[in-house]
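Enquirer: Sharing a structure with you now.
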Amino acid sequence: MEFFGGIRPLLFSYVLINGIFITLQSKEEVLLDMRATGGELGWLTWPLDQVDKPGWEVVQKTLNGSQFYAYSVCNVGEPEQDNWLRTTFIQRRPSASRIFVELQFIVRDCNSFDASVPCKETFNLFTSESDADVGTTFRKGQFKKVVTIAPDEITSKNGMRINTETKVVDNLSRKGFYLAFQDIGACVALLSVKVYYKACTATVESLARFPETVAGSENQALREVKGECVENAQSEEVPRIYCTADGEWVVQVGHCQCKPGYEKVGDTCQECQPGFFKAASSDGKCEPCPANTQGLEAGAAFCPCMDGFYQAPTDPITGPCSGLPTAPRDLVATTTQLSAGKLLLSWSPPDDTGGRSDITYSVECQSCEGGACRPCGEKIRYEPASAGLTLTRVTVSELDAHLNYTFIVEAHSGVSMFAGQASARAHKPPSTSALTTSLHYTDPPKITSMTVIEKSVTSLSLSWDVSPRPRLHAPPIRYELTYRKKDDNLDVTTYTVLILEKSSVQISELAPGTAYLFRVQALSSDGSPGGSSIEEQYETLHERPFPPINTTAILAAAVGGAVMLFIVVVVLFLRRRKRNSHSRQGAEDNYFSSPEQLKPLKTYVDPHTYEDPNVAVLKFATEIHPSHITKQKVIGAGEFGEVYRGILKVPGRKDVAVAIKTLKPGYTEKQRQDFLSEASIMGQFTHQNIIRLEGVVTKFKHAMIVTEYMENGALDRYLKDHDGEFSSFQLVGMLRGIAAGMKYLSDMSYVHRDLAARNILVNNNLECKVSDFGLSRVLEDDPEGTYTTSGGKIPIRWTAPEAIAYRKFTSASDVWSFGIVMWEVMAFGERPYWDMSNHEVMKAINEAFRLPAPMDCPSAVYQLMLQCWLQDRSKRPRFGDIVSLLDKLLRSPDSLKTIADFDPRVSIRLPSTSGSDGSPFRSVSEWLESIKMSQYSENFTCAGIINMDQVLQMKNEDIKNIGVRLPGHLKRIAYSILGLKDQTSTLSVFAV
Ligand code: AMP
């Protein structure tokens with residue numbers, strides 16, 4: 001029987017239309033392409049010499065000038081067929097251990113033959129590895145079956161159907177291999193066989209160049225690749241990246257940056273243009289040269305100062321250059337109020353500071369007699385100093401009266417000295433200001449009389465006269481008033497001294513009925529007392545006595561208040577205890593009250609398969625009229641808009657509390673469809689542990705998704721807020737609920753892809769329900785998502801290695817994530833892998849390390865986690881197994897009593913096991929600081945724990961005993977100690 005019969009031309013035109021000549025994406029390296037070979041392929045058929053009923057045959061056809069070769073076999077009706085077709089020897093590239101076989105084939109419908117004849121509709125793919133080409137030697141026994149190939153569509157009389165399938169042959173290790181196709185009595189035509197492996201193409205990512213890398217096998221799905229910075233870029237650490245088994249780069253570490261003088265342009269570092277500079281290795285752009293600098297050359301790391309402009313050594317090299325300051329202005333000497341050879345010089349800052357704020361001044365004095373001036377010498381005193389002045393004034397003293405002086409005030413800036421040293425050519429602008437003045441001398445005035453103007457119980461108002469009286473417009477005279485209690489023991493007399501600018505004062509806060517002695521004296525202009533003083537005695541008025549205080553009444557009121565307060569506190573405490581015991585009881589009961597769900601018969605339907613997504617929404621969700629929804633309060637922020645708590649009032653139905661997800665204004669049609677896709681998915685599920693969809697609003701402008709309301713919100717947050725408040729039994733009960741929900745989803749063939757405690761919601765009964773079903777959620781919504789090179793987003797620390805490596809998202813990868821959720825729950829919402837980076841997490845997982853058991857975690861629960869994290873996904877438990885096991889544990893709570901030990905051999909190293917520089921902690925306080933527990937420093941010291949050796953000896957009980965009571969803190973400290981101990985033992989790979 002011949003396969004093609006009269007329909008062969010149709011077959012080939014289809015082949016052409018469908019573009020069989022596929023240009024391979026660069027990341028697919030072809031090892032064999034049957035169609036591209038063009039001529040005779042020379043493939044071996046077996047058995048040989050079957051003239052009467054030949055097995056696989058080459059069929060050649062020319063169409064539109066192109067020749068095609070196909071292999072076909074069609075021994076339908078013949079019993080016991082066993083026809084083999086073997087490729088030529090395919091050389092493997094040493095690192096390509098995972099290859100892809102893409103087949104295009106046609107299988108004829110057995111119904112088109114006589115029903116009584118034997119007929120098959122499948123054939124088999126085999127492979128055999130070898131280190132050398134064995135030529136025409138063919139032994140069936142050396143071939144291993146890869147897979148049975150069944151067509152998705154069979155070819156009948158009504159039309160030709162071409163199937164395209166890609167199969168994976170993994171873990172190849174020898175120099176080459178053969179593929180073989182076994183026919184067992186079907187009518188098959190093999191149109192194309194293409195064998196290729198995937199590679200991550202040579203790439204430049206963030207200025208790091210990575211070489212082409214062959215993608216790994218399932219066993220070693222992530223290959224770490226070292227890269228190097230592009231020319232004129234540098235990095236502190238060697239840049240690294242992972243190549244996934246799918247030929248995608250993910251999670252780069254080590255950041256290359258353009259060197260000084262270079263900036264990033266695309267994937268290269270280009271020199272800064274003349275007039276621009278870049279001072280450091282950074283991601284930044286070249287910047288224009290700052291003020292008063294010049295950038296004449298390209299590739300400048302800094303711009304030198306223009307002539308006449310300078311930088312101080314402390315100025316940033318990236319800053320502007322500045323000129324020298326001009327002279328100080330308006331220099332004056334205050335010649336009034338002179339006393340004891342003193343005057344005050346003051347001036348205004350220069351007009352031009354040269355663009356600097358660090359201006360200081362120096363003063364020089366010359367005494368001039370008969371036209372000749374000479375330096376005043378060391379006798380002269382300056383207050384506060386003669387140089388380095390930041391204020392624009394100085395007091396000069398020890399001057400001789402009636403002499404002429406010249407004062408020269410000079411302005412300086414941070415560049416003054418540097419300018420002098422740096423450039424002899426530099427033009428130095430005048431920065432001095434000179435003043436000549438004469439010194440006159442006057443005595444301070446005398447106090448002639450003092451009187452008291454007003455008296456009270458605690459204050460006295462005094463006034464005094466001076467001689468000579470100050471002239472109009474003369475500068476004010478200052479006075480020093482000293483007073484003390486008259487009858488003070490002279491050994492311990494307390495004086496109060498006031499400096500006043502007026503000749504009167506009111507002194508308050510004095511003792512009632514007490515005599516005081518007052519002395520007043522005028523001050524000279526430099527603040528020293530001068531002239532004669534006057535002393536007087538005045539007395540404050542006596543107090544009037546108050547009625548006696550009723551202390552008994554006050555005491556009685558205080559005691560009464562305290563008793564009332566005590567009663568209120570006791571009542572509140574008792575009520576709270578009662579409420580807590582209710583809620584705990586309710587929670588435990590609840591785990592057993594939910595009826596076991598029947599295995600759903602339905603299969604999940606991807607809303608994408610609907611041409612019009614709006615049709616999908618209406619099929620799976622009930623339309624709600626917006627008037628039936630009342631929004632009450634914002635409770636969260638979703639990807640598309642706010643989430644509200646509200647009430648759904650449907651006529652004829654009881655009001656229900658609901659969560660309302662809204663779509664923010666300004667959305668595109670695509671966003672609206674993505675938003676509603678969550679409802680299309682959620683609407684297909686009915687399970688106690690899956691969030692229930694109440695309905696949608698799609699027919700009005702503001703689209704909404706309405707779900708049941710979960711009072712306690714997201715599980716991770718809830719557990720963090722109730723750290724240590726639940727028993728293992730309760731936590732396992734929560735996990736049981738999540739597992740039941742996941743079992744339901746996996747039974748419906750729905751893969752969640754983003755199972756994490758943050759996507760589980762908790763209600764008042766502590767029931768946990770799986771949520772977050774948006775189609776785009778893994779791509780967009782999750783803040784934990786990390787971008788891959790193809791733009792997808794993966795929440796690395798929750799995702800199974802094969803899903804990271806080659807997007808193998810299955811219920812088994814959901815099981816891995818469930819294991820992480822188990823850990824999050826048992827650790828009361830702790831972040832998985834703490835503050836390790838995504839890269840560190842992937843590396844540790846690749847090296848077979850796993851998260852350690854959370855504190856107080858039952859051993860059986862931890863063992864289940866480890867099972868969920870088996871590298872080989874086929875060995876992980878199914879959700880059905882997980883539900884059964886958790887049920888078993890809950891039925892015999894004693895099984896939860898054995899607590900998992902920390903085992904350094906299996907576990908990822910715990911956080912904060914050494915100082916930031918990697919060396920061991922030098923002190924208890926350094927260690928406590930590193931784990932943010934410094935508040936307990938004193939507890940450790942008081943307990944006599946003063947060195948790290950003592951810390952290492954501590955048990956959980958000891959930590960409690962020194963006063964660490966909060967469960968979260970207790971846990972953090974205990975964990976860190978475990979981690980410290982772990983450092984002292986060798987880590988070995990745990991064979992999971
Ligand atoms: P989602 O867009 O689903 O991630 O929701 C954002 C946040 O809104 C969640 O983290 C919850 O805090 C809150 N939320 C969403 N749905 C509900 C619900 N059914 N009941 C209570 N809170 C919810």
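Just so it is clear, glycine is given a Cβ too, placed from its N, Cα and C backbone atoms.
Annotations in TrEMBL come from automatic prediction, not curation.
Because the structure is a prediction, the values reported are computed rather than measured.
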Enquirer: Given that TrEMBL annotates Ile635, Gly636, Ala637, Gly638, Glu639, Phe640, Gly641, Glu642, Val643 as ATP-binding, name the residue from Lys602, Lys661, Lys670, Lys699 that shares the site.
Expert: Lys661
Enquirer: Tell me, from Cys74, Cys110, which cysteine TrEMBL puts in a disulphide with Cys119.
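Expert: Here TrEMBL pairs Cys119 with Cys110 via a disulfide bond.
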Enquirer: According to TrEMBL, Cys187 takes part in a disulfide bond; indicate which of Cys74, Cys289, Cys303 is its partner.
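Expert: Of the listed candidates, TrEMBL names Cys74 as the partner.
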Enquirer: Pick the one among the recorded positions Cys74, Cys119, Cys187, Ile635, Ala637 whose Cβ has the fewest other Cβ atoms within 10 Å in this structure.
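Expert: Fewest other Cβ atoms within 10 Å, among the recorded positions Cys74, Cys119, Cys187, Ile635, Ala637, is found for Ala637.
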Enquirer: Specify the nearest of the recorded positions Ile635, Ala637, Asp754 to Cys187 (disulfide bond), where nearness means the distance between Cα atoms.
Expert: Asp754
Enquirer: Around the ATP site (Ile635, Gly636, Ala637, Gly638, Glu639, Phe640, Gly641, Glu642, Val643, Lys661), what further same-chain residues have their C-beta within 8 angstroms of the site's C-beta centre?
Expert: Thr662
Enquirer: Just give me the nearest neighbour of Val643 (ATP binding site) among the recorded positions Cys74, Cys110, Cys119, Asp754, Cα to Cα.
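Expert: Going through Cys74, Cys110, Cys119, Asp754 one by one, the closest to Val643 (ATP binding site) is Asp754.
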Enquirer: With Asp754 (active site, proton acceptor) as the reference Cα, tell me which of the recorded positions Cys119, Ala637, Gly641 is the closest one.
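Expert: Closest recorded candidate to Asp754 (active site, proton acceptor) by Cα: Ala637.
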Enquirer: Please work out the number of neighbouring Cβ atoms within 10 Å of the Cβ of Glu639 (ATP binding site), leaving out its own Cβ.
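Expert: Result for Glu639 (ATP binding site): 19 neighbouring Cβ atoms inside 10 Å.
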Enquirer: Of the disulfide-bonded residues Cys74, Cys110, Cys119, which sits closest to Gly641 (ATP binding site) by Cα distance?
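Expert: The answer is Cys110.
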Enquirer: Compare the C-alpha of Ala637 (ATP binding site) with the C-alpha of each of the disulfide-bonded residues Cys74, Cys110, Cys119, and give the closest one.
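Expert: Nearest in space to Ala637 (ATP binding site), counting only the disulfide-bonded residues, is Cys110.
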Enquirer: Filter the recorded positions Cys119, Ile635, Val643 down to those with CB closer than 6 A to an atom of ligand 1; keep them in sequence order.
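Expert: Cβ < 6 Å from ligand 1, in sequence order: Ile635, Val643.
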Enquirer: Going by C-alpha positions, which of the recorded positions (Cys74, Ile635, Glu639) is nearest Cys119 (disulfide bond)?
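Expert: So, of the listed recorded positions, the one sitting closest to Cys119 (disulfide bond) is Cys74.
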